[in-house]
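Here is the structure we will look at.
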Amino acid sequence: DVVETQEHYKSRWRSIWIMHLTMFLSSVGFSIVVMSVWPYLQKIDPTADASFLGWIIASYSIGQMVASPLFGLWSNYRPRREPLVVSTVISVAANCLYAYVHVPHSHNKYYMLIARALVGFGAGNVAVVRSYVAGATSLTERTSAMANTSACQAVGFILGPVFQTCFTLIGEEGVTWKLIRLQLNMYTAPVLFGALLGLINIILIFAIFREHRVDDMGRQCTSINFEEEGICVSLKTYSVMIILVYFLIIIATPLTMDMYSWTRKEAVLYNGIILGVVGIESVIVFMVVKTLSKKTGERALLHGGLMIVLVGFFILLPWGKKLPNIQWQEIKNNSIPRTTFSETLMPFWSLEAMQLSSNHTTEPTGCPVSQSWCLNTPKIYLAQYISSDVLIGLGYPVCNVMSYTLYSKILGPKPQGVYMGWLTASGSGARILGPVFVSQIYTHLGPRWAFSLICGIVVLSLLILEIVYKRLIAFSVRYGRMQE
């Protein structure tokens with residue numbers, strides 16, 4: 001152990017803040033297009049349906065799941081600058097690819113799938129970021145540092161949709177640079193902006209970031225790859241369950257287009273505003289949780305956060321009698337005007353209503369009749385949707401910070417790159433199963449079944465938390481090196 005100098009302390013925290021920035025940019029890479037993926041997918045490839053949307057969203061998580069343990073292992077044996085720079089370069093290249101998915105004459109949806117998978121692969125550096133923060137902070141600094149890391153992640157989720165919302169001013173057509181076949185519009189401008197931020201991040205990693213490591217007492221360690229025996233109680237189960245809240249973000253665009261008859265542009269704009277406000281709420285929670293955890297402890301906060309998330313999803317279940325507006329389409333893809341259902345479904349449609357649509361060319365809106373549940377599932381009111389967002393925006397950040405903080409404390413003073421990689425991979429696995437599986441349920445069975453399933457999963461995670469509650473103790477506390 002080496003006594004930490006003031007200069008070492010400043011350098012250590014400068015490097016931690018560079019990791020916060022990296023976390024922010026990784027989060028922006030996910031959220032900056034999440035509101036526009038569905039309308040952009042429909043624009044470039046009309047053959048894509050809502051089920052394929054689930055695969056495109058899941059591709060990000062597949063890439064991250066594969067890359068996280070690899071980058072984590074890399075960071076355990078080599079300078080962390082290497083995996084950080086390589087992963088960011090991959091993300092920049094993938095964003096540029098996304099901006100060109102409109103160019104091919106066919107199979108455009110598959111190019112989008114590949115682009116999002118590569119962005120997710122680059123986001124595998126989250127494991128490196130969290131392992132560095134865990135290793136560069138003392139036990140007393142850990143909760144605050146992890147909360148700041150998660151807050152930067154949340155700010156990324158906030159600003160991603162906000163950036164997307166601002167870029168809607170460019171419009172769907174935008175401008176075209178024919179020389180390089182680049183279309184700069186509301187769908188491509190955000191990812192190009194994300195690529196620019198990635199380049200800035202690479203420069204800062206080279207200029208400012210330095211390797212540091214301290215033990216649980218805050219004393220400087222002479223070896224970066226310091227090892228010590230310990231017991232790890234896995235929190236992967238909790239992270240897998242908590243990550244399902246991403247489904248709400250992913251399904252927000254098709255859900256609101258179905259329920260409220262919003263156009264593609266309206267869905268991107270309004271959801272960006274709603275999620276931006278909820279994201280601000282989450283950042284406030286991240287700041288408050290640092291102080292609150294000192295009074296209640298991480299385990300109690302984790303339990304309370306899960307309960308709030310459960311209530312948030314329960315509210316989303318369809319309760320009323322009014323049905324959503326229906327979007328009818330003929331074989332020739334001519335839209336039939338929307339019709340509002342009140343208390344009961346009309347058994348037949350008049351020939352006159354069919355004929356009125358023959359020359360209808362505006363964008364079809366409403367719940368598509370191809371989703372049979374639209375004909376009998378009550379509408380989710382806007383008040384329900386917003387209330388649910390607010391509650392999940394309150395509960396999720398608590399669960400996020402407490403899961404990672406407890407996990408890193410239980411691991412103890414050992415290189416955590418691989419462990420953080422597996423934890424990130426488990427969360428990515430949940431995001432794979434969540435969007436794909438639940439979007440299939442949403443498409444074929446409707447929101448009642450989809451959100452009931454999510455409620456059941458959160459209840460299961462609460463039961464598992466109760467079973468292992470007493471074992472979630474920091475390594476140094478468990479072995480008597482520190483008092484809790």
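The backbone N, Cα and C atoms fix where each Cβ goes, glycine too.
TrEMBL entries are annotated by machine, without manual review.
What TrEMBL lists as domain 'Major facilitator superfamily (MFS) profile' is 15-473.
As annotated by TrEMBL, transmembrane segment applies to 16-40 (among others).
Positions annotated as transmembrane segment by TrEMBL: 52-72 (among others). Sequence-distant contacts of the transmembrane segment (52-72) (same chain, at least 6 residues past either end, Cβ-Cβ under 8 Å): 30, 34, 37-38, 41, 83, 87, 109, 112-114, 116-128, 131, 250, 254, 416-422, 424-425, 428-440.
Remote same-chain residues near the transmembrane segment (84-101) are listed as 22, 25-26, 29, 33, 44, 67, 71, 108, 111-112, 114-119, 121-125, 128-129, 181-183, 188, 191-192, 194-195, 198-199, 201-202, 205-206, 209 (criterion: CB distance under 8 Å, separation of at least six residues from the stretch ends). Per TrEMBL, the feature transmembrane segment maps to 84-101 (among others).
Taken from TrEMBL, the feature transmembrane segment applies to 113-133 (among others).
What TrEMBL lists as transmembrane segment is 154-171 (among others).
The annotation transmembrane segment is assigned in TrEMBL to 191-209 (among others).
Taken from TrEMBL, the feature transmembrane segment covers 238-257 (among others).
Annotated transmembrane segment per TrEMBL: 269-289 (among others), in sequence order. Long-range contacts of the transmembrane segment (269-289) within the same chain: residues 31, 35, 147-148, 150-151, 154-155, 157-159, 161-162, 164-165, 168, 249, 252-253, 256, 262, 301, 385-386, 389-390, 392-394, 396-398, 401-402, each at least 6 residues beyond the stretch ends and with a Cβ under 8 Å from a Cβ of the stretch.
Long-range contacts of the transmembrane segment (301-320) within the same chain: residues 238, 241-242, 245, 248, 289, 292-293, 377-381, 384-385, 387-392, 394-399, 402-403, 406, 446-448, 451-452, 454-455, 458-459, 461-462, 465, 469, each at least 6 residues beyond the stretch ends and with a Cβ under 8 Å from a Cβ of the stretch. Among the features that TrEMBL reports, transmembrane segment is placed at 301-320 (among others).
Here TrEMBL flags 385-407 (among others) as transmembrane segment.
Taken from TrEMBL, the feature transmembrane segment covers 419-443 (among others).
The transmembrane segment annotation in TrEMBL covers 449-469 (among others).
Among the listed stretches 113-133, 154-171, 191-209, 385-407, the one sharing the most Cβ pairs under 8 Å with the transmembrane segment (16-40) is 154-171. Proximity of distant same-chain residues to the transmembrane segment (113-133), defined by a Cβ-Cβ separation under 8 Å and at least 6 residues beyond the stretch ends, is recorded for 15-16, 19, 22-23, 26, 29-30, 37, 55-57, 59-72, 74-76, 80, 83-84, 87-95, 97-98, 101, 145-146, 149, 404, 408, 415-417, 419-421, 423-425, 428.
Regional average pLDDT for the domain 'Major facilitator superfamily (MFS) profile' (15-473) in the model is 78.
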